[in-house]
Amino acid sequence: MISAYTGTQVRHAEEPLLAAGLGDVLMQRAAHGLAVAVIRELKARGLRVYGSSVAVLTGKGNNGGDGLYAAAFLAARGMRTTAILTADSAHPQALAAFERAGGRVRHLSDAAPGGLAADTARADVVIDAVLGTGAKGGLRGSAAALIAAIAEARTGSAAPGFVVACDLPSGVDADTGEVAQPVLAADLTVTFGAAKAGLLADPGADFSGRVEVVPIGIEENFERPALRRLDDGDIAALLPRPERRAHKYSRGVLGVVAGSADYPGAAVLACRGALAAGVGMVRYLGPPEVADLVRESCPEVVCSTGAAADNRVQAWLVGSGMGPGDHEQLQRARDAVESGLPVVADAGALPALPDALAPHVVLTPHAGELAALLQRLGGDEDRAAVEAGTLAAVRRAAALTGATVLLKGATTLVAAPAGGVFGQSDGTPWLATAGSGDVLAGIIGALLAQLGSDVEHFGKAGVEPGARWAAVAALGAALHGKAGRAASDACLGGPIAAGGIADSLPHVWGKVSTLSNGGIRKRNSHSQPLR
Ligand SMILES: NC(=O)C1=CN([C@@H]2O[C@H](COP(=O)(O)OP(=O)(O)OC[C@H]3O[C@@H](n4cnc5c(N)ncnc54)[C@H](OP(=O)(O)O)[C@@H]3O)[C@@H](O)[C@H]2O)[C@@H](O)CC1
Ligand SMILES: [K+]
C-alpha cells in the first residue's frame with residue numbers, strides 16, 4: 001500500500017527530530033536522495049554525469065536549501081551547476097556549501113528574465129526547488145514569470161533535458177493537489193519522508209511525473225494517511241478466490257439494472273465487465289429488447305423480470321445507460337438501494353437516488369456528474385471546479401451523501417464517508433472511451449457481490465472496516481485500469497474499445513495473483529490436475 005500524507009502531516013512528523021536538533025541531518029538526507037535520483041535518471045537516459053549541466057531554481061526556504069545541497073553534491077560529481085536564486089535570500093549554509101563545491105550563482109533580480117529562462121531551459125537537468133511544503137499559494141512576481149518562461153521555452157522546442165521537482169512541483173498544493181499556475185511540469189518528483197497527497201491526486205498528478213520517495217527517518221511518525229494507493233501486492237491480497245467447494249450462488253450473484261432503448265450497449269458492457277471479474281452469476285433486469293441483446297452477447301447472463309425484490313442477489317449494479325425517462329428501471333434502482341445490499345450506482349441512477357445513503361452504496365460519477373450531485377446537495381461547484389480540486393470534491397460528496405464515492409479520472413479517487421481516500425492511477429488515457437464506465441461498474445458490482453460480506457478479508461489486507469467499501473471500489477478501478485493498459489499494450493500501445501477492457505481482465509487478474517503468490521502456486525501446481 002502506498003500511503004500519502006498532507007504537507008502538515010509531514011511537518012508534524014518532522015517536529016520531534018527538529019526538536020532534537022536534527023534539522024540539518026534531515027535536510028542532508030533529503031538533498032542526498034535528490035542528487036542520487038538525478039544521477040540515476042541521467043544514467044537511465046544514457047547521459048553522462050560528468051560534464052552535464054544542472055540548473056537549480058531555489059526559493060528562500062528549506063526547499064531551496066534541499067536544492068542547493070543537492071546541487072553541491074552534483075557539482076562534486078563533475079556536473080556544471082548553476083543556482084538561480086529567485087528570492088532575496090537563500091538557505092545560508094546550503095548556499096555556502098554550493099559555492100564551496102564550485103557552483104555558479106545567478107540572482108533573478110539581476111538578470112534579464114528572458115535570457116535566464118532560455119539558459120535554464122537548455123540545461124540537461126532543471127531542479128525546481130522554489131517552493132515546498134511551507135508555501136502559501138503559488139509562485140508570485142518575477143519567480144512566477146521566470147517559471148512561466150522556462151515552461152514556455154521547454155514546450156514546443158525539443159528541450160534536451162528533464163525537470164526534477166524537489167519535494168513537489170512549486171505551485172502544486174501538497175495537501176489537495178490543486179494547482180496555482182504557473183507550474184513547471186516535472187518528469188520526476190523526488191519527495192521526502194512520504195508521498196504527499198497532492199502529488200497523487202489530479203490535477204497535481206499532471207505536473208508530478210514519476211514520484212519517488214526518499215526516506216529521511218520520519219517514517220515512523222505518521223498516523224492516518226490522507227490518501228492510499230493499492231499496489232500489486234494489495235490487489236493480489238484483496239482479489240476474491242473461490243473456495244474449493246464453491247458453487248455459483250456461494251461465489252456471489254450480481255443483479256444488473258442497466259441499459260435502455262437509447263443505450264442498450266451499456267447493459268451488455270456492464271454484464272461483460274461483471275462476468276470478467278469472477279462473479280458466480282449475473283442476473284439482468286431491464287426492457288425486453290435490451291435483455292435480448294444481453295442474451296445474444298452474453299449467453300451466461302440470466303435475464304429476469306419483475307421487481308428488484310423478486311430477485312435474489314448479493315449485490316446490485318444500477319444506472320449504466322439509463323436516462324430520466326426510464327421510470328421502471330429507476331424504480332428498480334431505488335428498490336435496490338433500499339434493499340440494504342451493496343450497490344454500485346452509475347450514470348442515470350445518480351440523480352434518482354435519495355440524498356442520504358450508506359457506505360455500502362458506491363456512487364461512480366465522472367466530474368460533470370459529481371458537480372451535478374454536489375449542486376443538488378447545495379454546493380456551487382461546476383465541472384471545472386471539481387476537476388481543479390478532485391480530492392476535496394470527492395471527500396465532500398462522500399461526507400454529504402454518506403455513500404462511498406468514486407470519481408473517475410486519470411487518477412480515480414474513492415472516498416469513504418468515514419474519511420479514508422484511495423487514489424488509483426493504473427490505466428492509460430485510451431480508457432477514456434464510450435462504455436469504459438459501464439465495464440468499470442460491472443467490475444465493481446462483481447467485486448461487491450463476491451466480497452461484500454467478508455469484513456475479515458479486508459482486515460487481513462490492512463484495510464479498516466470503515467474503508468472496506470472504498471477499498472472494493474479502488475480494487476475495481478485498479479483492475480479496470482490494468483486491464484485497459486494490457487489491452488492497449490497488446491496493440492503496441494494502440495487504442496482500445498470498452499469491450500477489450502473486459503476481454504483482457506481475466507488475464508490481468510491471473511497475472512497479478514501469480515506475481516504475488518508465485519510460491520503458493522508453485523507448491524500446489526502438481527495437485528491441480530487431480531481436481
Ligand atoms: N523541516 C525540515 O527540517 C525539512 C524540510 N525539508 C524541505 O523543506 C521544505 C519546507 O521548507 P519550508 O518550511 O522552509 O518552506 P518552503 O516551502 O521551502 O518555502 C517557504 C518559504 O518561502 C516563502 N513563501 C511562502 N509562500 C511563498 C510563495 N507563494 N511565493 C514565494 N515565497 C513564498 C516563505 O517565507 P515567508 O513569505 O513566509 O516569509 C517561506 O520562507 C520541504 O518541502 C522540504 O523540501 C526537507 O529538507 C526535510 C527537512
Ligand atoms: K519544489
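Cβ coordinates come from backbone N, Cα and C, glycine included.
Secondary structure at His366 ((6S)-NADPHX binding site), taken from DSSP and collapsed to helix, strand or coil, is coil. His366 ((6S)-NADPHX binding site) has a Cβ environment of 19 other Cβ atoms inside 10 Å. TrEMBL lists 62-66, 132-138, Asp167, Ala266, Gly321, His366, Asp438 with the feature (6S)-NADPHX binding site.
Take the CB of Asn63 (K(+) binding site) and look out to 10 A: across all protein chains shown you find 27 other CB atoms. Per TrEMBL, K(+) binding site is recorded for Asn63, Asp128, Ser170.
Look at Gly409 (AMP binding site): DSSP puts it in coil. Residues or ranges marked as AMP binding site by TrEMBL: Lys408, Gly409, Ala410, Thr411, Thr412, Gly437.
Feature annotation from TrEMBL assigns domain 'YjeF N-terminal' to 10-224.
Residues or ranges marked as domain 'YjeF C-terminal' by TrEMBL: 231-512.
Of all the binding-site residues in the list Gly409, Ala410, Thr411, Thr412, the shortest Cα-Cα distance to Thr133 ((6S)-NADPHX binding site) is found for Thr411. Checking the binding-site residues Asn63, Gly65, Asp128, Ser170 against ligand 2 with a 6 Å cutoff on the Cβ atom leaves Asn63, Asp128, Ser170, in sequence order.
Secondary structure at Asp128 (K(+) binding site), taken from DSSP and collapsed to helix, strand or coil, is strand.
A distance of 30 Å separates the Cα atom of Gly409 (AMP binding site) from that of Asn63 (K(+) binding site).
Secondary structure at Gly65 ((6S)-NADPHX binding site), as computed by DSSP, is helix. Thr411 (AMP binding site) sits 20 Å from Ser170 (K(+) binding site), taking the CA atoms of both as reference points. The binding-site residues recorded for this entry are Asp128, Lys408, Thr412, and the Cα of Lys408 lies nearest to that of His366 ((6S)-NADPHX binding site).
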